[in-house]
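A.B. asks: Copied straight from TrEMBL:
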{"type": "COMPBIAS", "residues": "79-93", "note": "compositional bias 'Low complexity'"}
{"type": "COMPBIAS", "residues": "97-106", "note": "compositional bias 'Basic and acidic residues'"}
{"type": "DOMAIN", "residues": "382-552", "note": "domain 'Helicase ATP-binding'"}
{"type": "DOMAIN", "residues": "585-731", "note": "domain 'Helicase C-terminal'"}
{"type": "REGION", "residues": "1-111", "note": "region 'Disordered'"}
{"type": "REGION", "residues": "331-351", "note": "region 'Disordered'"}
Amino acid sequence: MPLSDRRLPSATDEVSAEPKRRVARGNAAQQVSEVGAGATLASEKGAPEAGLAGDKPAGSAGATAPFGAADPFGDKPAGKSTPKAAAKAAARGAGKGVDEGAEKRTAKPPVKTADKLAKLGLTRAIDLVLHLPMRYEDETSLTPIGHLLPGGIAQTEGVVFDNEIAYRPRRQLLVKLRDDAGDELVLRFLNFYGSQVKQMAIGARLRVRGDVRGGFFGMEMVHPAVRVVDEDTPLPQALTPVYPSTAGVTQAYLRKAIDNALSRTSLPELLPEPVARAHLQPLGVPSLMDAVRTLHHPGVQSDETALIDGTHPAWVRIKFEELLAQQMSLKRAHDERRTRAAPAMPRRKQGDESALVARLLKALPFSLTRAQERVGGEIALDLTQPHPMQRLLQGDVGSGKTIVAALAAAQAIDAGYQAALMAPTEILAEQHARKLRGWLEPLGVSVAWLAGSLKTKEKRAAIEAAALGTAQLVIGTHAIIQDAVEFARLGLVIVDEQHRFGVAQRLALRAKALNAADGARDFQPHQLMMSATPIPRTLAMTYYADLDVSTIDELPPGRTPILTKLVSDARREEVIGRVREAALSGRQVYWVCPLIEESETLQLQTAVETYETLVAALPELKVGLVHGRLAPAEKAAVMDAFTRNEVQLLVATTVIEVGVDVPNASLMVIEHAERFGLAQLHQLRGRVGRGSAASVCVLLYTGPLSMTARARLQTMRETTDGFEIARRDLEIRGPGEFLGARQSGAAMLRFADLENDQWLIEPAREAAAVLLEQYPEVVLQHLARWLGAREHYLKA
């Protein structure tokens, strides 16, 4: 059975039967026209490989276009050109080697094409060489039309016996093929050009590849890839690479551009022999140049399965190199921060009763857990240093991160500095303000609240208090980073739900601290980032390796375990009955809905509809409604009423996902739970179970469930451990959701997969440590090759 095109590293088999035997590929295989791509391929002999003196970072001299004398194909100038001009262009390029930065060109491709390639990050020759296939297509065999099965991807061949432009129900090109056995296949094109109609004229032999489906006239393909071939055109002998692309850049164009760059570029081995011997040889991988060539052009003897699932030695070499670059970049960012200045905030001597930290701890109605004490000590020690803290504080839902942040703020205030806490939503920021005011204001600390919903007079007063320094702690939303907001002496920045803020936003808050610099150069405040979503270990070792990470791995005593139940929407009335019982017994209930407007595609019940239904079904209860479209004052009023137990049932969207703390709430119903992500479900569930009463979370789902949705709901039922949930969420979704805007301005790992390739992380970390210590010049070359100018995103 042929291998279908599959995205690395997963694999799904193609549905087809009885393929013809493979035929050796000859030179004629190159001489076929790609009708679907709108390009014609001609055979081309590659230029001799050019040696390189070394790598150049993007932006350095010579780091311009990755192309040949005029065009990535290297065989014809871009745009209009006379033969004479083409000859001159060829003469200029003849015999010249190209380094990885790519030499400066006088002739360039059309601006539009260059812009599209730049979108893909392809601005240097080295970028093209390292633009590796995202999957492979198996074009090595043909499936007779009579053996095609609907639902699969297949390649077949036949002669056009009918060709017409039909207008039912819309304008489309219908091409009918017949193979040697007399079986027929319909090709349907909804968007086409006149040149395609001519190329697929009656009598033309076509080789087509695409999704097979059943149609009114039998089997058909819609917009397949099409090649005009001869009867004796041989089949490829190896897998065909498929590259990440963008609109207007065809696979044919990319393949030619990459082949041209490969013929002119070499990748010298950068790792010194001792490092290569210790860290590369045990992996059993080829040289980097051989690895790249193998992946672009798999040979006849290549292990196709290993190429497709990403375990081929060539892929292992690429993944190691990428992880090595990431580790070195992050470690450099970590070390570079230690060269900057920050306010040293000494801890008051132990036993000093006048210290704000000591007074806060004494006033608390609870004791810290051992994990909170350990983490608080790590942060307190960082604050005493004259270089900026950059620490991530993570912990499960309800583990007590807020009091740890409050203790850090108290140390900063005690040292004569201001602290600022920024949260992504007004509800979360207000919850923080309520807690911190309750803890700190009785101790004489002035706490200011700054949000977009404040009236002009209140906002002006808060801004003035921050600028004069009379507000020692400022809590708010994005309003804190407005141009009008200034601080007298900002020394500590606390960012909650840090993954929901971009680099620019965190830099803007940090810039507010310049008044506290006291003339110091490269000054920045201490920064504490909090995450309510536990970070899996593999992420902490890779994307967060530039940060110091503190983990609260213990819940406060007295928390009751939450029972999670999966309930079909068909049993909604039973669930409403359970809500009535809980509310009448004195407990409070959340009912969470995913959308606030009707959606024809998702057909989800809205919060407004559910609110109206529950008000009618439960007339004896006071029901509240809160969602993102409410004015901030209205939201605050509803939340206050729920907190004071004036509202027994709160219907809400995910605005209550984090930060809301109502210990009397012991039942949560999540509507259409199959539509939520694991991390979001876990955060929502964490709103209950905060008191001493037994708590229940009902996941109300509507079937049929997809495999992914089923896996999410099963995970929620099986565990309440946030770290285990985070690990499984990483398996299901990958790292994107954890990182959020942290990766703004830089690509994530393109080749390494944190789940399947985590065994490579430790060797890459060890090699990075050696290189950074002993071979700094190699580090710069390696980063230029793999990251170019993309290191800047680690500044925040």
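Any Cβ shown, glycine's included, is placed from N, Cα and C.
Describe each of these features in terms of where it is and what it packs against.
C.D. replies: Taken together, the residues of the domain 'Helicase ATP-binding' (382-552) have an average pLDDT of 88.
Residues of the same chain lying 6 or more positions beyond the ends of the region 'Disordered' (331-351) and with a Cβ under 8 Å from any Cβ of it are 357-358, 380, 383-390, 411-412, 414-415, 417, 491-492, 516-517, 520-526, 545-547, 768-769, 772, 779, 783, 791, 794-795.
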A.B. asks: Just to be sure I understand, if DSSP states are collapsed into helix, strand and coil, how many residues of the region 'Disordered' (331-351) fall in each?
C.D. replies: 7 helix, 1 strand, 13 coil
A.B. asks: With DSSP as the reference, give the number of residues of the domain 'Helicase C-terminal' (585-731) in helix, strand and coil.
C.D. replies: 59 helix, 28 strand, 60 coil
